Amino acid sequence: MSAPSTSTVVRVPFTELQSLLQAIFQRHGCSEAVARVLAHNCASAQRDGAHSHGVFRMPGYVSTLASGWVDGQATPQVSDVAAGYVRVDAAGGFAQPALAAARELLVAKARSAGIAVLAIHNSHHFAALWPDVEPFAEEGLVALSVVNSMTCVVPHGARKPLFGTNPIAFAAPCAEHDPIVFDMATSAMAHGDVQIAARAGQQLPEGMGVDADGQPTTDPKAILEGGALLPFGGHKGSALSMMVELLAAALTGGHFSWEFDWSGHPGAKTPWTGQLIIVINPGKAEGERFAQRSRELVEHMQAVGLTRMPGERRYREREVAEEEGVAVTEQELQGLKELLG
């Protein structure tokens, strides 16, 4: 999770930030429905301290829309495929509106069958992944999602990049506690965090990436300008990244991370790939005991010395934001106003 820049920080009410972001999306070609979904996602990331996926992303969204690479007016096409399977053609638009269009059907299937799969293809995902799964856990369901991105990661033992950062997000209910939620790239670092470090003139820890010659580097600009990221944990992260390619692209009908070509759309930033979401109803197995067992696990992890659960920092940031407003820098706020025009 990245920190905001060193510019003066101001606090903005969440609803005010969300409204501003929605207006920007609509100003640059998104329908009201699409703009509303994207604005909530982006504002939520900023609120929770995930700055690499918050308002930092807005110039990329705008340049992508201007390039014609993504359709901000797309209407997702939902197909009820089987008792536990839903398929969505995002119609060249963003993945989050596709999820929103299929969500009610997906939840109904998961509650009935015990498990349901949502396969999204022909979609663009440029955001944090945890907002896609956390709401399911708030309803007592377990959710897992994977999405592949653009080629920027060298598989372990390989010489050239092939995979995307290929994140995995998971959410589960926990009795008398916030849901257990994590969202992690299978690369050593999120691509957005590399961009933020480059903008700030900061060096990266060792083991994050390589330069254009395949040599290890701590220079984020070298990684972005012809270099590549490494998978986390060597062969283990590489295997998980491969799994994401199979689930998010091969299974859904989406593009692999290397299969699309945006060279004809200068300014395009959003990967045109796929997403898979699996939702499980624990009530079909352990019933209400599952949330209690989740709580038991948390308590035992804390008892052995764990001081921060996955996702806990986000909840703390959220609590502060609810009282004081969402943290944005004056520079970021001015940039948003300029995007609005």
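Glycine residues also receive a Cβ, built from the backbone N, Cα and C atoms like all the rest.
Quantities reported herein were computed from a predicted structural model and do not represent experimental measurements.
The annotation active site, charge relay system is assigned in Swiss-Prot to Ser52, Asp193 on the grounds of similarity to another entry. What Swiss-Prot records for His53 is active site, proton donor. Among the features that Swiss-Prot reports, substrate binding site is placed at Arg57, Thr165, His191, Gly192. The NADP(+) binding site annotation in Swiss-Prot covers 125-129, 183-185, 235-236, 308-314 and rests on similarity to another entry.
Features per Swiss-Prot, on structure.
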{"residue": "His53", "record": "active site, proton donor", "Cβ contacts under 8 Å, 6 or more apart": "Cys42, Ala45, Ala127, Ala128, Ala190, Gly192"}
{"residue": "Arg57", "record": "substrate binding site", "Cβ contacts under 8 Å, 6 or more apart": "Cys42, Ala45, Phe126, Ala127, Gly192"}
{"residue": "His125", "record": "NADP(+) binding site", "Cβ contacts under 8 Å, 6 or more apart": "Phe94, Ala95, Gln96, Val147, Ser149, Thr270, Pro271, Thr273, Gln275"}
{"residue": "Thr165", "record": "substrate binding site", "Cβ contacts under 8 Å, 6 or more apart": "Ser149, Cys152, Val153, Ala185, Thr186, Ser187, Ala190, His191, Leu229"}
{"residue": "Met184", "record": "NADP(+) binding site", "Cβ contacts under 8 Å, 6 or more apart": "Pro167, Ile168, Ala169, Phe232"}
{"residue": "Pro310", "record": "NADP(+) binding site", "Cβ contacts under 8 Å, 6 or more apart": "Ile180, Val181, Phe182"}
Seminar exercise, completed: Of the recorded positions Asp193, Lys236, Arg313, the one whose Cα sits nearest to the Cα of Ser52 (active site, charge relay system) is Asp193
For this session: Fill in the CA-CA distance, Asp193 (active site, charge relay system) to Lys236 (NADP(+) binding site), as an integer in Å.
Result: 21
For this session: May I have the list of same-chain residues other than Arg57, Thr165, His191, Gly192 whose Cβ is within 8 Å of the Cβ centroid of the recorded substrate site, in sequence order?
Result: Ser52, His53, Phe126, Ser149, Ala190, Asp193, Val194, Gln195
Exercise. So of Ala128, Arg313, which of the binding-site residues has the fewest other Cβ atoms within 10 Å around its own Cβ?
Worked result: Arg313
For this session: Rounding to the nearest whole angstrom, report the longest C-alpha distance spanning Arg57, Thr165, His191, Gly192, listed for substrate.
Result: 16
Exercise. For Ala128 (NADP(+) binding site), what is the secondary structure by DSSP, using just helix, strand and coil?
Worked result: coil
For this session: Using all protein chains shown, find which of the binding-site residues His191, Lys236 scores highest when you count other CB atoms within 10 A of its CB.
Result: His191
Seminar exercise, completed: One finds that other Cβ atoms within 10 Å of the Cβ of Asp193 (active site, charge relay system) number exactly 23
Exercise. Including all protein chains displayed, how many Cβ atoms other than that of Ser52 (active site, charge relay system) lie within 10 Å of its Cβ?
Worked result: 20
